[in-house]
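Pulled from TrEMBL:
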- 1-18: signal peptide (SIGNAL)
- 56-298: domain 'Peptidase S11 D-alanyl-D-alanine carboxypeptidase A N-terminal' (DOMAIN)
- Ser86: active site, acyl-ester intermediate (ACT_SITE)
- Lys89: active site, proton acceptor (ACT_SITE)
- Ser150: active site (ACT_SITE)
- Lys268: substrate binding site (BINDING)
Amino acid sequence: MKRLLLVVLLLLSGCYQAGDQAALPFNKSPQTEKVKKELLYPDRPLDRFWNITDIDLEASSVLLINADTGHVIYKKNSDIPLPTASMSKMMTELLVLEAIENGELKWERDIEISDYAYTISRQPGYASVDLSKERDYTVAELFQAMAIHSANGATIALAEELAGSEEVFVQQMNQRAQELQLEDTQFVNSTGLDNLHLGDYYSVGSVDDTNMMSAQDLAKLAEHLITTYPELLETSNQPTYLLNNQEYDNTNWMLKGDLAFDGVDGLKTGYTDLAGYCFTGTVERNGVRLISVVMGTSSEVERFIETARLYEKAFEQIE
């Protein structure tokens, strides 16, 4: 059924070119429905895992959990709110997926690109998929650009389409954070860029503000996102994205190449000067899924190296 829906989406979108990745299905099939659960942080070890203590990591804040139980395997400053950069886009992904499920959006809907989205999409120095004002883009195209290449302009276009303006969308982001009990979270934009980098387009907070979340909140959000919408991983695990005859690499370097780690299929990278290099990752091996958050490393590579060290230590306990 899911494959059929994917084919239908490709036929309807019309704008896709050969080689484009298949988008998410319109609606969750019964097979992907899962029971929603609260993420717990027990201090006591469980039978299958115990706490990792013999590891020294550079990152400012770290959290590793068993996604199935919520058990904390490793933590370091995990309850301190820090700049999240593009990891904020997980909340944007959630709101878009909920809107699709509720019928407010459809994957094949065409979206006109605003001056704001266009300008930010062509801003040098940050992840971008160059958007054009000469054509419209489907929700599916923009979502893939956001989820795979962390495209800022695409994220803004989705926020504006869903809420009418980014300002209203940010209110929805913060409301959803409260509902999910993300107590160390505050959003001022949809992308995770610092307001300073948005120039005159920023609409919430001050020019010095940026999105803030703790590693604990990021793990909670990631767990809720992939538990409720596991089909998201079929997009986040794509190593490349093709749009307008241009190929864009996934910002997650653990999917392929020298830093590839078997079983990794998501989830979201982030970088700004304030945040440093960050990564919320997820991996599944032998039926065990882990979620990791690494914040504030010094290089693009280091965030993945430290994530891999966490995964290796955890899986050593059960393999």
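Glycine residues also receive a Cβ, built from the backbone N, Cα and C atoms like all the rest.
The shown structure was predicted, so the numbers you read here are calculated from the model rather than taken from an experiment.
A Cα-Cα distance of 8 Å separates the residue listed as 'active site' from the residue listed as 'substrate binding site'. For Ser150 (active site), the Cβ neighbour count at a 10 Å cut-off comes to 27, with all displayed protein chains included.
Annotation note: the residue listed as 'active site, acyl-ester intermediate' sits in a helical segment as assigned by DSSP.
Between the CA atoms of the residue listed as 'active site, acyl-ester intermediate' and Lys268 (substrate binding site) there is a gap of 7 Å, rounded to the nearest whole number. Cα spacing between Lys89 (active site, proton acceptor) and Lys268 (substrate binding site): 8 Å, rounded to the nearest whole number. Counting only same-chain residues at least 6 apart in sequence, those with a Cβ under 8 Å from the Cβ of Lys268 (substrate binding site) are Ser86, Met87, Lys89, Met90, Ala147, Ser150, Ala222, Ser236, Asn252, Phe279, Thr280. Here the domain 'Peptidase S11 D-alanyl-D-alanine carboxypeptidase A N-terminal' (56-298) has a mean pLDDT of 97 out of 100.
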